[in-house]
Amino acid sequence: MNLEKLKKIFSEKFGSIDNINSYFAPGRVNLIGEHTDYNGGYVFPCALSFGTYAIARRREDEKVLLYSVNFSEIGIVETNLNQLSYKEEDNWANYPKGITKIFKDKNLNIDKGFEILYYGNIPNGAGLSSSASISIVTSLLLKDLFKLDINRIQMAKYSQLTENEYIGVNCGIMDQFIIAMGKKNHAIILDTNTLEYEYAPIKLDNISIVIANTNKRRGLADSKYNERRIQCEKALKELQNKLNINSLGDLTEEEFEENKYLIKNEINRKRAKHAVYENRRTIKAAKVLENGDMKKFGKLMNESHISLRDDYEVTGKELDILVESAWKNGAIGARMTGAGFGGCTVNLVYNETIERFKENVKKEYKEKIGYDPDFYIAEIGDGAKII
Ligand code: NG1
Ligand code: MG
C-alpha cells in the first residue's frame, strides 16, 4: 500500500481528492521501563517507521465518516458530530470518535464534520501501540483541519484520556507521548511523573533492534492491565501510611526493601517490587546507553523480562519461550515489550547473526508453540507528521 493508492481509494469512497490532507503517526516499541508509566516512573520508548496513515477532509455538514482499508467488514462507520458515544460494534472507529469527543468536550472548536480514510501497517494487538497511533494521527489531523490551538503534549494527554475515559483502559501516557513526540534515531527517556523528557540518540553500529511477534493476540490484556494498576495503587497506599511519597517511582530499591512489609498482600508486594526495580533499571539503562555500553543495556533488558515474568506476571508462555530462545541464540538483550500477555518481544542482535538468530528462534518457537513468530527490524522513525 502506498499514498497514491490510498488517495485513489479515498477518491472512490468519497468522490474526489480535492482539498485532502495526509497524515502519519507511528507505532512504538518500548526499550525498557514496562508498566512504570502509571506508577510515576520512567519509560524509554522509540517511535517506529511503521504506523497509521490517514487522509482527511472537512465536510460542510456535520457527518463524521470513518473508513479503514484494513477491515473489510467493520471498515466503515458513519456517524455525526453529535453522536460520538462509545459503541462496542464500532471497534477501531471508537478511537477516532473518542478523541473527537474529548477535543469537543475540552472546547476545541470542531464545528463541521469530516471524512477520513485510514490505513495501518502496525500488527494489531501486538503491543506496538496501534491504538495510540490511530488516536494521535486523528488528533493531528483534527488540529490541522480545524486550526485548533493544541500542542503535541496536550494531544498525548487527550489521547490518553480517550483510552481512560472513553475506551476504559486505565493506561499511562507512554504510547501517546512517544507517538506524538518521537524523533528519528532517538528514544525518549520520559519521567511520567513530571512529563520531563530528553531525547537519547540511538547509535547502534553493528547491532539491530529486532522485534519478534508471538502472533498471540493479547486477548484479556485490558482487564488484567487494569487489575495490575489497582494492585499497585493498593500497595502505594499502604506505603504512604509511613512514607511521604507520591508514586512507586519515588522509591529506590533500598527504600522499598526496608518498607516492603507495610504491603500486607504478597501479590501486591510483588507488583510494587516490579514497579520500583523496573523504574530504577530504566534510569540505569538510559545512562549506560549514553556510554554506549550495549552489553549492560542488554543485561538490564533481560532483568526487566524476568521481573515482568516472575513479579508482575504479565508474560505467558509464548513471550517467555520467545525471550528464552533469544537469550540462547545470542541476543545481547531480550524482553517482552508493551502490556504483555502476548504481542511482541524486543531484542538487541548483532547484525551478522540476525539471519541465524531468526532461523533458530523461529524453529524453537514453532516446535514448542505450534506456529511461527514474525520478525521486524525496527527503524526508529519520527513522531506524528503531516505528509
Ligand atoms: P500497549 O502494549 O501498547 O497496550 C500498554 C499501555 C502503556 C503502558 C504499557 C506497559 C495502552 C494504550 N498502553 O501498552 O501505557 O502501560 O502497556 O508498559 O494500553
Ligand atoms: Mg493498545
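Cβ atoms are placed via backbone N, Cα and C, with glycine included.
The substrate site in TrEMBL is built from GLU34, HIS35, THR36, ASP37 plus one of TYR225, TYR261, TYR350, namely TYR225. In the structure shown, the C-beta of GLY127 has more C-beta neighbours within 10 angstroms than that of any other entry among the binding-site residues GLY125, GLY127. For the pair ASP175 (active site, proton acceptor) and SER68 (ATP binding site), the Cα-Cα distance reads 21 Å. Among the recorded positions listed (ARG28, GLU34, ASP37, SER68, ALA126, LEU128), GLU34, ASP37 have a CB atom closer than 6 Å to some atom of ligand 1, in sequence order. Cα separation, GLY125 (ATP binding site) to HIS35 (substrate binding site), rounded: 17 Å. The predicted model assigns the domain 'GHMP kinase C-terminal' (286-366) a mean pLDDT of 97. Its Cβ placed at the centre, ARG28 (site 'Transition state stabilizer') has 34 other Cβ atoms within 10 Å. For GLY127 (ATP binding site), the nearest of the recorded positions by C-alpha distance turns out to be ARG28; the candidates were ARG28, GLU34, THR36, GLU163, TYR225.
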